[in-house]
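Here's the structure we're looking at; comments come further down.
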Amino acid sequence: MSRELNHVLDLTIGVGLVGFTVAALLYGVTSGQVLLYYHRHGRGISTWRTQCFVAAIWLVDTVHLVLLTCVVYYYDIVIHGNPAEFPHVIWAYGAILITTECNTVLIRLGYAHRIWKYNNRKVLMPIIVIVFAVALLAMGIFYGHAQLIMKSFDDLQELQWSFYLAFALQIVADTCIAISMISVCRRFLTGLRRFDEVIQTIFMFIINTGLLNLALVTLSLIFYYIMPTSFLFLALYWVLAKLHVCSFLAVLNAEKDLIARTSTHTMHHGSTPILTTALRVEDFPTGLPTTQLDSSIPLSVLARASFQVNPMHHTSESGPSPVAHAV
């Protein structure tokens with residue numbers, strides 16, 4: 001009997017404690033990302049709207065952690081780990097679901113804005129992301145409200161369809177965001193190592209967190225289907241919510257770091273990184289034209305290059321020489 005009880009506790013309270021611990025650690029990382037953002041990029045680079053947006057995400061994430069603490073306190077302290085009380089639904093479950101979806105919709109809107117801004121203001125993919133984000137928010141509020149008014153997990157069995165549909169939509173939405181962000185970031189590769197390293201860092205954040213999110217969502221669905229009475233799917237869902245926030249702020253900090261490096265480069269060299277490589281055609285005194293090509297220019301850039309004559313450039317007494325810049 002005690003062995004069965006220990007097994008039940010391991011799959012409920014034990015798993016819940018592990019999920020809560022990982023979520024708390026990710027919240028600490030998120031708080032560090034927020035402090036780093038305001039310390040390094042809060043002045044001059046970020047607008048007040050972006051700063052308020054980051055603050056809102058962090059505040060909702062803080063409320064989410066407080067609600068998780070309430071759930072752990074209820075099972076460990078209030079009911080003293082009594083398995084007979086586990087099917088009882090407390091109000092914090094619904095509140096956790098609603099705050100999770102509120103924060104997730106903010107993050108997806110942030111990604112949609114960046115896809116729109118850095119992809120020549122094309123609206124198709126941002127609209128798709130926004131539609132998925134709003135649909136997931138609506139379903140989260142619907143399911144969360146049901147958890148607030150129902151007393152037992154058995155009463156939620158008739159709403160299983162919304163649970164599966166929400167996770168399926170989440171997989172599609174996160175996949176669209178990852179593909180779009182990678183496609184957009186590839187356009188900013190300059191051939192300059194110090195800038196491309198930041199872009200590659202963004203690549204790694206997007207790819208790794210996208211794959212990890214997909215793995216967590218899939219595992220959560222599997223555990224909910226085969227072990228609905230355990231807390232395995234809840235623990236993964238808690239971690240997934242924190243991972244969304246942490247990864248978005250990491251991408252945002254990397255983006256602002258790239259902007260800061262670009263501004264520094266412009267201040268010292270008088271041009272943006274895109275204009276630091278140029279195609280020059282110069283007339284030498286012998287009369288034979290010589291082409292000087294910077295090998296760091298990608299061929300795709302040369303294919304789209306446009307040329308203009310700079311009349312202020314003189315290489316000899318015979319007159320100005322044409323200077324063509326790749327733009």
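Even glycines carry a Cβ here, placed using N, Cα and C.
According to TrEMBL, the protein has these features:
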type	residues	note
DOMAIN	171-254	domain 'DUF6534'
TRANSMEM	12-38	transmembrane segment
TRANSMEM	50-75	transmembrane segment
TRANSMEM	90-111	transmembrane segment
TRANSMEM	123-143	transmembrane segment
TRANSMEM	163-189	transmembrane segment
TRANSMEM	201-226	transmembrane segment
TRANSMEM	232-252	transmembrane segment
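The stretch in closest packing with the transmembrane segment (201-226), judged by the count of Cβ pairs under 8 Å and taken from 90-111, 163-189, 232-252, is 232-252. Sequence-distant residue pairs (6 or more apart) of the transmembrane segment (12-38) and the transmembrane segment (232-252) include at least 3 whose Cβ atoms are under 8 Å, placing the two stretches in contact.
Note: the stretches the transmembrane segment (163-189) and the transmembrane segment (90-111) are in contact (3+ CB pairs below 8 A, sequence gap of 6 or more).
Counting only same-chain residues 6+ beyond the ends of the transmembrane segment (232-252), those with a CB under 8 A from a CB of the stretch are 11, 15-16, 18-20, 22-23, 26-27, 29-30, 33-34, 37, 54, 57-58, 61, 64, 68, 96, 100, 103-104, 107, 110-111, 181, 202, 205-206, 209, 212-213, 216-217, 219-221, 223-224. Below 8 angstroms of C-beta separation, residues 12-13, 16-17, 20, 23-24, 27, 30-31, 34, 37-38, 42, 81, 86, 90, 92-93, 95-96, 99-100, 102-103, 106-107, 110, 238, 241-242, 245, 248-249, 252 of the same chain, each at least six residues beyond the ends of the transmembrane segment (50-75), sit close to that stretch. Across the domain 'DUF6534' (171-254), the prediction's mean pLDDT works out to 83.
Counting residue by residue with DSSP, the domain 'DUF6534' (171-254) contains 73 helix, 0 strand, 11 coil.
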